[in-house]
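For reference, Swiss-Prot has these:
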- 104-154: domain 'DHHC' (DOMAIN)
- Ser247: phosphoserine (MOD_RES)
- 289-715: region 'Disordered' (REGION)
- Ser296: phosphoserine (MOD_RES)
- Thr348: phosphothreonine (MOD_RES)
- Ser415: phosphoserine (MOD_RES)
- Ser432: phosphoserine (MOD_RES)
- Thr436: phosphothreonine (MOD_RES)
- 442-478: compositional bias 'Polar residues' (COMPBIAS)
- Ser554: phosphoserine (MOD_RES)
- Arg617: omega-N-methylarginine (MOD_RES)
- Ser621: phosphoserine (MOD_RES)
- Thr659: phosphothreonine (MOD_RES)
- 666-677: compositional bias 'Polar residues' (COMPBIAS)
- Ser694: phosphoserine (MOD_RES)
- Arg697: omega-N-methylarginine (MOD_RES)
Amino acid sequence: MPAESGKRFKPSKYVPVSAAAIFLVGATTLFFAFTCPGLSLYVSPAVPIYNAIMFLFVLANFSMATFMDPGIFPRAEEDEDKEDDFRAPLYKTVEIKGIQVRMKWCATCRFYRPPRCSHCSVCDNCVEEFDHHCPWVNNCIGRRNYRYFFLFLLSLTAHIMGVFGFGLLYVLYHIEELSGVRTAVTMAVMCVAGLFFIPVAGLTGFHVVLVARGRTTNEQVTGKFRGGVNPFTNGCCNNVSRVLCSSPAPRYLGRPKKEKTIVIRPPFLRPEVSDGQITVKIMDNGIQGELRRTKSKGSLEITESQSADAEPPPPPKPDLSRYTGLRTHLGLATNEDSSLLAKDSPPTPTMYKYRPGYSSSSTSAAMPHSSSAKLSRGDSLKEPTSIAESSRHPSYRSEPSLEPESFRSPTFGKSFHFDPLSSGSRSSSLKSAQGTGFELGQLQSIRSEGTTSTSYKSLANQTRNGSLSYDSLLTPSDSPDFESVQAGPEPDPPLGYTSPFLSARLAQQREAERHPRLVPTGPTHREPSPVRYDNLSRHIVASLQEREKLLRQSPPLPVREEEPGLGDSGIQSTPGSGHAPRTSSSSDDSKRSPLGKTPLGRPAVPRFGKPDGLRGRGVGSPEPGPTAPYLGRSMSYSSQKAQPGVSETEEVALQPLLTPKDEVQLKTTYSKSNGQPKSLGSASPGPGQPPLSSPTRGGVKKVSGVGGTTYEISV
């Protein structure tokens, strides 16, 4: 019956099993409805219980014999039997317990049938230990369901006998009421039970003999072991126990399962990227921040379409939108070298094309993925306007970076007024008219020098040609920066070495002498340039030591008098070490500085300012305080930390990376205030005081460094 599910439906096959089920269930129901109530009163209440248990047992075995797999062998494939070119033989002989048993070839199932296996003509399947095909259960009886068929026969025989016997007993108790309904129904059930008892009892007896002898109905009918020895028998008791107590035989056919539809994607396909925001974790010189930007699906089409066996694509164009300072400086040099900007930039690594812009603020504005793929001439020519405004808006700013403006922190490019030597103590700063005018002159020199010098053009050349070599440091006459310095009208270049922290700011000192007094008009916004500290050689370190000796031996330089009109211009001058005591932030910086272990009793040696004994107070300056120790550190580090408007994140971002060895050599030479020498903001001396000493005399060689920085090597 299980094998017929996939074939054409035949109603005639279900007539015998349906009749058997109706007679079984119908007769038993009538018996329980009309006969059992009287028997429970007159005979015993156990009569209905016994008949109920027997009926359930019959029904269970009937169901198992009908719906259970008898042990069907699966059919072989069409080419499985093609062992040789010729046709397979019809029989094969095997030996079982010393007896030759013949196996027949099944043309339908295309394999040799195992011993005791036969092909059912009704089910059209080969069944293991085939017994017969029973129409009353509409299923073949084989090895797997023979036990339930045998128990069905036994239980059915007992149930029929019970129904017939208890029915007869009920009639005997109501012999005077034979015309009654209960007695009439009971006699009808007895007739049906008696009618089925003869064949069922006969069939049960026959199978009892077969089980005792260890044979099947097929073997018994066909007479395979007639007159011979049965190799499959193990004795009467073993045969009975094998049928009733052995473990169930394995199933050879898999249960039919519903096919599931599974969508399989090739491994080279990536999941679709939605136009959502992608959070990127970045590291910016110790600053951890999150960047939220929109990334479109089209931005990943190029990388997804490339395969390993395809030819490599041409190098991508550099994304100069990340280097705002480089774009500005290249734009300033377009008048001298326009060929560098007219053509596309040279190839850069592929990672820069698909690399997002980094920011230290999570609230930065998102830029499109493909913005500013080329460096346009129009964008670069717009930058001098902001530089021109920087001469009218004085401010102090830390060393610039190459971050684009759109990806910069909102507080990164702001101007913060502070006193470089007082570590953020605004009450101890000095406002000097002479110092104010002198500082404005240095700030104005950015515009004049930035448009004529070729230092930024050398930065572009270094970007294209690689890092600066050692020979270029020793032969500064070959660099374009040296020619631009010689072409200038400066007769007396300053003496000494300019730190790479002062990128292209030597012009501020020269222009300050020619433009000492300028009125500020507003805040400044200067474009940054990169800072590199990893290219100092031994010759440069030696020049630092030689320059320090020259500073100690150089005579004082006269300083201009104060301008009373500029006393309250708003720019704070740099006080001497004896004007105001340092705040606690300087002591914090001394812990980080390698030279912070200077004894407190040792005064600081001024580099670009007047000595401690020669410095006077400016207009409105406070009383001199105790002399602060020289911490050997640039004041831009300590002054930034104490500013209330500058956060800790900005302080870390503004500090450039410096190796301990180079930091010691640079900071023993001179101190600087936020990227400016101390001489730019020093207070003017009072009347009667000797002039300041300034190391601006002697021969000097100017060499362009890595990232557009300028090196000054004393001769």
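Including glycine, each Cβ sits where the backbone N, Cα and C put it.
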Over all shown protein chains, what is the count of other CB atoms within 10 A of the CB belonging to Ser247 (phosphoserine)?
5
As a test of reading the model: what is the averaged pLDDT for the domain 'DHHC' (104-154)?
91
Looking only at the domain 'DHHC' (104-154), how are its residues distributed among DSSP helix, strand and coil?
9 helix, 17 strand, 25 coil
Can you see whether DSSP assigns Ser247 (phosphoserine) to helix, strand or coil?
coil
